[in-house]
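Worksheet: one structure, shown below.
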Amino acid sequence: MTELRKRGGGGDDRGSAEDMSDKEADSDHRPQSDAEADADLDVDCKAEGADVPDVPLSTADTDNTPECLNKALEGLPPRWKNYWIRGVLSMAMITFFFLIIYMGPIVLILVVMTVQIKCFQEIITIGYRVYRSYELPWFRTLSWYFLVCVNYFFYGETLADYFGALVQREEPLQFLSRYHRFISFALYLAGFCMFVLSLVKKHYRLQFYMFAWTHVTLLIVVTQSHLVIQNLFEGMIWFIVPISIVICNDIMAYLFGFFFGRTPLIKLSPKKTWEGFIGGFFSTVLFSFMLAYLLSQFQYFVCPVGFNSETNGFTIECAPTEIFILQTYTLPAVIQNTLGWETVKLYPFQIHSIFLSTFASLIGPFGGFFASGFKRAFKIKDFASTIPGHGGIMDRFDCQYLMATFVHVYIASFIRGPNPSKVLQQLLMLQPEQQLSIFFTLHSQLKERGLLPPAD
């Protein structure tokens, strides 16, 4: 990155780098002091030299902790002050999470969209602070335009898949649904042409870097947000359990690291420890197993979210599938001899929850490590300062997006079968003669299999 290198690694940046604590959306705590962590960050920046772009400090580097909380905690050592700030704000966010679950699927979708837009804004802003110093046109405008295009495409696909009855009833929606992909492509093509027209001589390379920056951000944030909503439509349990276990792992790893952490885990995030990593793993597996048992008992959580064309609202009613029905399992002989139990009753989803929590504990943190490396590359400690003690929204959702992708792949690979309501919606979108043809074919097949009585 020639243009960036010319502006990178200057002596003026070293002082600001020394002031950073590298909090990095951290889950667990401290094998070394804040000063030592900052020194590591400074050494890394010096070692990178000219490859480190000159990014002006943002509001992410300021303390926006509420004055009342600062006043209540004054006099505490910085380590304990940060502990209490994180704790209070974490409880507030968990309470808000329960509230939006109670308010139902529509509110959940709106919250996911809001989080997606805020995460996109935080990442794009970092690029913009580099880009604007060259006074090149349209970067931010085009970035938001592409965000609108991609959301139009994904949410249009969702509308066609899950709201087929509504689409068939409204003529404008029929047109948009029929030509949805063509319209999406045309919108994207307009943005592509605007980008080409905005190219400025001597800055081509930087502009293409920024074009790639926007598209990678869309891939990381928007695509994975869409997968979160897809998981939600499979049943709220597939939304609640993954998010909850990532939160649990985040909290428990932080607590184990705070009180017992001694052994550094990874250089990218010097405050993370093996003690926090291991403690978070076992705590998360246990928590997910119990949460899966609790939620599997309620139809509201286990049934796919559907749209009722008669009431124009979401419905969550079904006969629970096999994975949400208690099954009897025979225990291995070793456990039988140890505990004296021959069988145990479990919901199959509890077994699935073990795999989900294992991924959240062992692989999920790499989403945080990736974010830590990104922030170190640009010499910032947080993506923003939206949540005191935590950083930006992206600091809290770096692991959630990776988890959402895994859950979507897991459902598609091991869980999902044919969805009768989805098939019915697709049938209703066909022409009458096509519907009749399918009806007669299905009628004939059912008669041959003896499921329908023969005609008189």
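Just so you know, glycine gets a Cβ as well, placed from its N, Cα and C.
The following features are taken from TrEMBL:
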REGION    1-40  region 'Disordered'
COMPBIAS  1-33  compositional bias 'Basic and acidic residues'
TRANSMEM  83-115  transmembrane segment
TRANSMEM  136-155  transmembrane segment
TRANSMEM  182-200  transmembrane segment
TRANSMEM  207-229  transmembrane segment
TRANSMEM  235-261  transmembrane segment
TRANSMEM  273-295  transmembrane segment
TRANSMEM  349-371  transmembrane segment
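Between the transmembrane segment (349-371) and the stretches 83-115, 136-155, 182-200, 273-295, it is 273-295 that has the most C-beta pairs under 8 angstroms.
Sequence-distant neighbours of the transmembrane segment (207-229) (same chain, 6+ residues past either end, Cβ-Cβ under 8 Å): 1, 4, 109, 112-113, 115-116, 119-120, 123-124, 127, 131, 136, 139, 142-143, 146-147, 150-151, 154-155, 158, 195, 198-200, 239, 400-402, 404-405, 407-408.
If you count C-beta pairs under 8 angstroms between the transmembrane segment (235-261) and each of 83-115, 136-155, 182-200, the highest count goes to 83-115. Residues 136-138, 142, 145-146, 148-150, 152-153, 156, 176, 207, 211 of the same chain lie 6 or more positions beyond the ends of the transmembrane segment (182-200) yet place their CB under 8 Å from a CB of it.
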